[in-house]
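Record features (Swiss-Prot):
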{"type": "TRANSMEM", "residues": "26-46", "note": "transmembrane segment"}
{"type": "TRANSMEM", "residues": "75-95", "note": "transmembrane segment"}
{"type": "TRANSMEM", "residues": "97-117", "note": "transmembrane segment"}
{"type": "TRANSMEM", "residues": "134-154", "note": "transmembrane segment"}
{"type": "TRANSMEM", "residues": "166-186", "note": "transmembrane segment"}
{"type": "TRANSMEM", "residues": "197-217", "note": "transmembrane segment"}
{"type": "TRANSMEM", "residues": "233-253", "note": "transmembrane segment"}
{"type": "TRANSMEM", "residues": "261-281", "note": "transmembrane segment"}
{"type": "TRANSMEM", "residues": "286-306", "note": "transmembrane segment"}
{"type": "TRANSMEM", "residues": "336-356", "note": "transmembrane segment"}
Amino acid sequence: MLYHLLYPLHTTYSYFNVFRYITFRTIYAAITALIICFLLGPWLIRKLRELKMGQVIRDDGPEAHLSKQGTPTMGGVLIIFAVVVSTLLWANLTIDYVWLVLMVTLGYGLIGFADDYRKLTRQSSRGVSGKVRLACEVCIALLVSVVLYAKPGFNSTIAIPFFKTVLPDLGWGYIFLSTFIIVGAANAVNLTDGLDGLAIGPAITCFMTYLLFAYFAGNFKIASYLQIPGVAGVGELSIFCGAIVGAGIGFLWYNTYPAQVFMGDTGSLSLGGALGCLAIVTKQEILLAIVGGIFVLETFSVIFQVGWFKLSHGKRIFRMAPIHHHFELKGWAEPKVIVRFWIISILLALLAISTLKLR
């Protein structure tokens with residue numbers, strides 16, 4: 001919005017020319033989202049308490065978590081609001097990729113909101129039926145995948161990290177892969193959101209990484225030099241990523257241990273869905289498995305735990321899944337688990353960025 005209002009004035013006032021630079025708008029998108037979260041955070045927490053929107057804790061979880069009962073949840077609405085407002089203010093809204101990621105963010109946020117609301121009204125840790133929730137997630141992801149596949153100039157190849165000449169073309173099968181990535185990323189972030197700040201930390205590092213890849217992919221000279229797929233217009237998603245990084249840091253101010261508010265499924269599903277969509281649009285689908293390694297680890301710990309439990313007739317691989325609970329039950333303090341997972345996430349982000357040259 002500001003881009004469209006102020007940049008045209010650069011012919012009269014040269015200092016408005018700064019609005020043409022993605023880097024400038026990305027920085028201020030992050031600052032805007034950060035300020036929104038800082039300013040509205042206390043009000044939202046107070047309002048959630050008044051409405052008795054408190055977290056319902058599972059009885060079969062770690063005993064230490066019982067003290068979290070009643071902590072305000074659904075804080076993800078703050079992240080979504082800050083991201084949407086900041087993106088609309090600073091991005092070039094003629095780029096359809098911007099609207100696409102916003103649609104996924106809002107769509108998955110709405111699914112998470114319905115899930116959170118149902119849990120609160122039932123006073124149960126079970127929300128919307130798993131089948132219904134999955135069906136809604138698949139519908140949104142499938143719609144986005146079809147739109148992208150049908151978009152002129154969008155190709156169905158996938159980039160393999162560390163291999164510059166390996167670009168397999170999946171054809172129409174790309175629709176199914178991209179649908180799987182969006183749905184998988186959303187639920188992976190959702191599974192990780194079990195400790196104070198555990199999900200938002202790695203999410204910030206993931207979006208910072210994709211901020212770089214979106215910027216590089218949107219600049220064909222840089223993309224050609226780095227030998228990564230170039231995508232016209234995708235550089236504007238750097239602004240969206242910047243907004244999420246700013247909102248994430250602002251939210252972490254209130255979500256860090258001991259948390260004053262939880263993002264709930266509203267936040268985790270929207271962040272995960274947006275992350276999956278970014279991986280597809282920037283043509284860095286496989287890279288998500290590296291930079292989002294924490295989310296992958298959490299997901300596979302649940303899959304292996306459930307699978308082995310059924311195959312072995314009641315035996316477990318971990319003391320509890322997702323794996324962050326396993327470390328809690330081993331005696332690790334919650335802040336130690338969180339910070340160590342953050343450290344791993346940062347290292348994985350650096351590894352992902354290194355693929356720009358290691359190819």
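Just so it is clear, glycine is given a Cβ too, placed from its N, Cα and C backbone atoms.
Remember, it's a predicted structure, so these values are computed and weren't measured experimentally.
By number of Cβ pairs under 8 Å, the transmembrane segment (166-186) is matched best by 134-154 from the list 75-95, 134-154, 336-356.
Across the candidate stretches 134-154, 197-217, 336-356, the maximum count of CB pairs under 8 A to the transmembrane segment (97-117) is reached by 134-154.
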